[in-house]
Amino acid sequence: MNTNQIPDDNDGRVRNLIIVGGGSSGWIAAAYLSKALNFNVNITLIESANIGRIGVGEATIPTIKEELFDFLGVPEEEWMTECKASYKLGIRFQNWKKPASEGGDHYYHNFGEMPVVKGVPLSHVWMYKHQQQGFAKTLDYSCYSASPICDAMKSPRYMDGTKALHYAYHFDALLVSEFLKKWSIARGLTHITDDIIGTDLSETGDIQALRGASGRKYEADLYIDCTGFAGLLIEKALGEPKVTFHDCLLTDRAVAINIPSDSAAEGIRPFTTASAFSSGWTWEIPLNNRSGNGYVYSSAFQTAEDAEREVRAWFGKKADKVDVRHIKFISGRRRRSWVKNCVSIGLSSSFLEPLESTGLYFVYAALYQLMACFPNKDIDPALRNKFNERVSYMVDDVRDFIVLHFCTSPRTDTPYWRANQNELKLPDTLKEALELQKAGIPIRKSYHSNNSLYDSFEAGFDRFWTNSNFQSIFAGVNYLPKQPMPLLRHRPDILLEAERVFDDIQKKTDQMMAQLPSQYDYLASLYTKGKTGEQAVRSVQQAG
Ligand SMILES: Cc1cc2nc3c(=O)[nH]c(=O)nc-3n(C[C@H](O)[C@H](O)[C@H](O)COP(=O)(O)OP(=O)(O)OC[C@H]3O[C@@H](n4cnc5c(N)ncnc54)[C@H](O)[C@@H]3O)c2cc1C
């Protein structure tokens, strides 16, 4: 560590940084900050052996590959093998239009951008065909190759490793924490096990020191609060309140249940499933050895016992002898995530139900913003303000997109779903998106093509949900304008050109269906490579 240290101790730079908390956010912060600060700052992570971790964040979005694992320089065969990871091509939403008891329904929200034809997204040509010509094929199967590939449980990579489709990961969050812990400690991070029981503040109100149950005192220039819902530093020590979203998001409880799976016999689904239930929705996240599941629900509409019964019934016999974990949460974010010399990251900063798998994105995206605003010891308030503005924008923007799923669902079969239609106080930013949809024009057209997932992380941050995302959800629940995009009545050339694009998508899909291996087969081969890699490292170590 500190190979690049510059000897002047009085130049005002941050030299010592303490992270409190060893959950996913603590260890992602540890690895990310070590690398982003060039291994040039003394980083200490303090975690309690007595206070548990959430450890249920298991589905992700595609940017995690480039912005975290590639950034750290860790190849898939290395970390995926250790973390029981699998690929995710999107989310399959089930029964968001009608309950399973009435036959149910499903649609996919895939990754990547839909093609654009002469400036008009394919979604709007699909809408035109659907509404004017009775075109029956749904948007997710017309505009994306990934939907049938999901049904066929294929891998997004060919057997030689070539990437065919955009993807994210499912993984065991606790194993990812362990992996990043080893990675960080091997690169010089100091790891301490202690319970922090007190905080000393200076006259300016900054954190001066942390007091451990062991009797030790810990001092740093900058403190990162990764203590989860406890918010030990940001809330308990510095008193920063939360802005809650209870007026637009009704859920406040989860019951988590992991179920073992036999992937050799059943295969591995390359998608997260989000099924609407009576008072919320259930996630199913297939890993290589088990499925991580849970039901997010509203305690105003269902008791914990009923919720557990409903989720157990859904999974049937497989859930019979499996323990469940009940979790309480408040949707919202800190008014300011960075206060004085303390930056909160992870659950101590914000929480939104994991409907679009954005929890871990919030962690590495906040770290990215922290690097852009990284301070000296004497913190310029403008840096804090900029960071806080960016993090608040990020969380509020995702909140709007999540609320969109609930307020556009046509379900009215339970009090919970009726409340979603009638009682939500919609944010103005979301109202505007809904108005544009009703008027039939695209919302937030993307700046990049489907070939690249995003131009830059910064640009993707500013325009996180694009027209493709919005239209996947709208079409999925049939929230369509009365009339399709007015311009298209005057542009038969666009409609004609779009037919060629639809055909190209179908041809590409047929070719992928024929040639992509199953996710199970691809992972079996990747895992073998990972194991071979580990053995190679061990034999080099033994030889050394
Ligand atoms: C129901 C649910 C489902 C989720 N699903 C997803 C998902 O699918 N995808 C996704 O990306 N995200 C998901 N998330 C979010 C994700 O789990 C979290 O963002 C992530 O795990 C970060 O948690 P954390 O590290 O902030 O907190 P925690 O895991 O709670 O870790 C807190 C740490 O702080 C330590 N600590 C606390 N107090 C002290 C103290 N006094 N002294 C010392 N140490 C202390 C604890 O020991 C622990 O190590 C989900 C969250 C929930 C609740």
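Quick reminder: no glycine exception, Cβ is built from N, Cα and C everywhere.
Automatic, uncurated: that is what TrEMBL annotation is.
Lifted from TrEMBL, the feature list:
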- LYS88: active site (ACT_SITE)
- LYS88: 7-chloro-L-tryptophan binding site (BINDING)
- LEU347: FAD binding site (BINDING)
- GLU356: L-tryptophan binding site (BINDING)
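Sequence-distant neighbours of LYS88 (active site): residues of the same chain at least 6 apart with a C-beta under 8 Å from its C-beta are ALA59, THR60, TYR167, ALA168, TYR169, HIS170, PRO270, PHE271, THR272, SER357. The local packing around GLU356 (L-tryptophan binding site), expressed as other Cβ atoms within 10 Å of its Cβ over all shown chains, amounts to 23. Within the set of recorded positions LYS88, LEU347, GLU356, LEU347 have a CB atom less than 6 Å from some atom of ligand 1. Secondary structure at the residue listed as 'active site', as computed by DSSP, is strand.
All chains included, 25 other C-beta atoms sit within 10 angstroms of the C-beta of the residue listed as 'FAD binding site'. Distance from the CA of LEU347 (FAD binding site) to the CA of GLU356 (L-tryptophan binding site) is 16 Å.
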